[in-house]
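What Swiss-Prot says about this protein:
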{"type": "BINDING", "residues": "C172, C181, C184, C186", "note": "[2Fe-2S] cluster binding site"}
{"type": "BINDING", "residues": "C209, C212, C220, C223", "note": "[4Fe-4S] cluster binding site"}
{"type": "REGION", "residues": "4-130", "note": "region 'N-terminal SAM-like domain'"}
{"type": "REGION", "residues": "172-186", "note": "region 'Fe-S binding site A'"}
{"type": "REGION", "residues": "209-223", "note": "region 'Fe-S binding site B'"}
{"type": "MOTIF", "residues": "209-212", "note": "motif 'Cx2C motif 1'"}
{"type": "MOTIF", "residues": "220-223", "note": "motif 'Cx2C motif 2'"}
Amino acid sequence: MEQFKGLQKSLYIWTDSAELDKRVETLKAATGGEVAVENVHRLSFSSYANSSFDLIVIECAQLTDNYVKLLHMLKPSGILHLFAYIGPAGSLLQEIKLSGFINCREDAVANTLTAEKPGYETGSSARLSFAKKTSSVNVWKISGDDEELIDEEELLDEEDKQKPDPAGLRVCSTTGKRKACKNCSCGLAEELESEKTTKTVTENAKSSCGNCYLGDAFRCSTCPYLGMPAFKPGEKVQLADNLLKSDI
């Protein structure tokens, strides 16, 4: 047991009380630390805290199958040492591995098995550093600073803002004036006639019923204001020249 030298706290689990004190003293001398003693049949009733021992030595290991509890009782990197076992070592090693122990090995000459608890506490977790953190973009958040607005002043050019020059209006190719000749064939005569028919009069039309200003719902069938929006009484309304002429 020289390989256990320097371990501070050990647990010796026994099955045979004969020469028990001698075996405990041998373990204490080998480790140089404190040694607790527990019967293998009382192990399931014991109340040892987790990570209590650096070394657990158990004899006649086939008498217990509570290796998971032994794993919790050991400190990280603690050692489980079994000796005087009976039966094939392969099945016992497999059972120990399935309980969570690592580095399980057999010494056929000394008829012993040794295993270790991993270097971390049972149930512990660690953050993985290789995971890439993906930044989530909040697509529902719209910032006014990021939105490109169209400048209204850029929609119109300087030419669009200038008023049309009367001198640039269409004129007769014969007279050179905005007046159609007698036998006009360029279309100016029709254009001037269209402007004349759409010219509005400034005088108010006379109402016979007095309800013309209320809207079409209150106007008669021959009302010259049909189709026009309602207006205030006394308000001057301009009608096209052809609306004041009789159709007959």
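Using N, Cα and C of the backbone, Cβ positions are placed for all residues, glycine too.
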Item to check | Among C172, C181, C184, C209, C212 [binding-site residues], residue with fewest other Cβ within 10 Å | outcome: C209
Checklist entry - How many Å lie between the Cα of C209 ([4Fe-4S] cluster binding site) and the Cα of C172 ([2Fe-2S] cluster binding site)? => result 47
Checklist entry - Which number gives the other C-beta atoms within 10 angstroms of the C-beta of C223 ([4Fe-4S] cluster binding site), all protein chains shown included? => result 17
Checklist entry - Is the motif 'Cx2C motif 1' (209-212) packed against any residues at least 6 beyond its ends, judged by a Cβ distance under 8 Å, and which are they? => result 218-220, 223, 225
Item to check | Secondary structure composition of the motif 'Cx2C motif 2' (220-223) [DSSP: H/G/I, E/B, coil] | outcome: 0 helix, 0 strand, 4 coil
Checklist entry - In the region 'N-terminal SAM-like domain' (4-130), how many residues does DSSP assign to helix, to strand and to coil? => result 39 helix, 40 strand, 48 coil
Item to check | the motif 'Cx2C motif 1' (209-212): DSSP-derived helix, strand, coil residue counts | outcome: 1 helix, 0 strand, 3 coil
